[in-house]
Amino acid sequence: MTTSASSHLNKGIKQVYMSLPQGEKVQAMYIWIDGTGEGLRCKTRTLDSEPKCVEELPEWNFDGSSTLQSEGSNSDMYLVPAAMFRDPFRKDPNKLVLCESFQVQFEGPAETNLRHTCKRIMDMVSNQHPWFGMEQEYTLMGTDGHPFGWPSNGFPGPQGPYYCGVGADRAYGRDIVEAHYRACLYAGVKIAGTNAEVMPAQWEFQIGPCEGISMGDHLWVARFILHRVCEDFGVIATFDPKPIPGNWNGAGCHTNFSTKAMREENGLKYIEEAIEKLSKRHQYHIRAYDPKGGLDNARRLTGFHETSNINDFSAGVANRSASIRIPRTVGQEKKGYFEDRRPSANCDPFSVTEALIRTCLLNETGDEPFQYKN
């Protein structure tokens with residue numbers, strides 16, 4: 001397995017400079033989703049003082065022709081700050097700033113700025129207090145694309161001992177996981193936990209519960225932090241939903257969803273109603289649940305390795321081979337939440353959460369989202 005050249009630089013030398021005082025100035029790292037709908041870009045600017053809220057942050061611009069978001073002849077694009085976090089790499093008072101991207105200033109979002117519409121949809125149902133929790137699976141790779149810790153000319157032992165495993169022969173890359181976890185806590189990201197997954201070198205972290213639009217904000221920033229931590233260690237975190245073909249588990253982003261009514265007494269009734277609506281709109285959700293409209297998920301949702309079949313909708317209590325799982329405790333208590341197991345690891349959480357709201361709460365039907373008037 002190959003690690004990056006940058007990871008071999010002397011980090012102690014860097015720390016000499018990072019410990020220098022920065023006066024009253026603040027470094028703000030602006031983050032946005034590029035034209036792939038999966039990749040993240042970032043750049044930093046200096047502020048004269050520490051911003052207390054996202055509204056105090058200035059808008060900025062970038063070259064969209066270099067991020068697959070515009071043509072070179074008209075490449076200026078705009079960044080509008082949307083959410084602000086503490087910077088775990090430069091530390092206080094510096095900030096991470098998740099931004100929405102726009103083609104022309106104030107004239108419509110970029111194609112991969114799915115947050116813009118998601119925010120409108122979330123605002124329409126804010127009185128129902130939708131909560132989400134997303135389980136982000138990922139796989140650690142060397143820069144040569146070989147899974148971290150796997151034999152160079154073969155495969156590790158079969159799946160079985162790796163899920164929540166302990167020991168050098170079972171847990172591959174825990175240092176990265178622990179560093180990411182602590183960095184998220186420092187940043188203020190709502191990370192709920194982490195665990196080793198079924199395939200060796202595959203891990204999961206959970207974000208939530210988050211209400212409304214904050215689900216996407218927190219997951220995207222958690223992904224950014226993971227990429228930056230991996231950069232320091234010289235490895236890659238991939239969200240490919242099936243990074244290794246064959247008899248190995250894929251990677252998903254199981255999404256847990258509830259409303260205030262579902263969480264209250266006899267909320268199971270509303271959970272079952274939502275599942276019935278989802279059953280009639282399966283293909284719409286499949287298209288919304290990965291950035292390639294279902295093509296990525298087709299490699300993962302095979303009906304094997306704890307997945308449902310991409311062509312069929314199913315639901316059940318404690319059933320990890322179903323499209324929708326109702327946790328056993330929810331079935332017993334008759335209130336709580338349900339888990340949509342279809343989203344791929346590389347999904348856009350804004351797309352996933354918006355689709356759930358449209359179908360379950362706005363009662364949309366059909367294969368296309370409804371266009372609401374402003």
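A Cβ is built for glycine as well, from the same backbone N, Cα and C atoms used for every other residue.
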Recorded L-glutamate site member, picked from Arg223, Arg281, Arg320, that accompanies Asn247, Trp248, Arg341 in Swiss-Prot: Arg320
Annotated companion of Glu135, His254 at the Mn(2+) 1 site, Swiss-Prot, chosen from Glu38, Glu339, Glu354: Glu339
Further Mn(2+) 2 ligand in Swiss-Prot, beside Glu197, Glu204, within candidate set Glu137, Glu264, Glu265, Glu272: Glu137
Neighbours of Arg341 (L-glutamate binding site) among the recorded positions Lys11, Lys14, Glu137, Glu197, Phe205 (Cα to Cα, within 10 Å): none
Binding-site residues near Phe257 (ATP binding site) (Cα-Cα within 10 Å), from Glu137, Glu197, Glu204, Trp248: none
Lys14 (N6-acetyllysine): secondary structure state under DSSP, collapsed to three categories: helix
Site of maximum Cβ density within 10 Å, from recorded positions Lys11, Lys14, His254, Arg341: Arg341
Sparsest Cβ surroundings (other CB atoms within 10 Å) among the binding-site residues Glu135, Glu137, Glu197, Glu204, Glu339: Glu339
Which same-chain residues, if any, lie at least 6 apart from Asn247 (L-glutamate binding site) yet have Cβ under 8 Å of it: Pro158, Gln159, His305
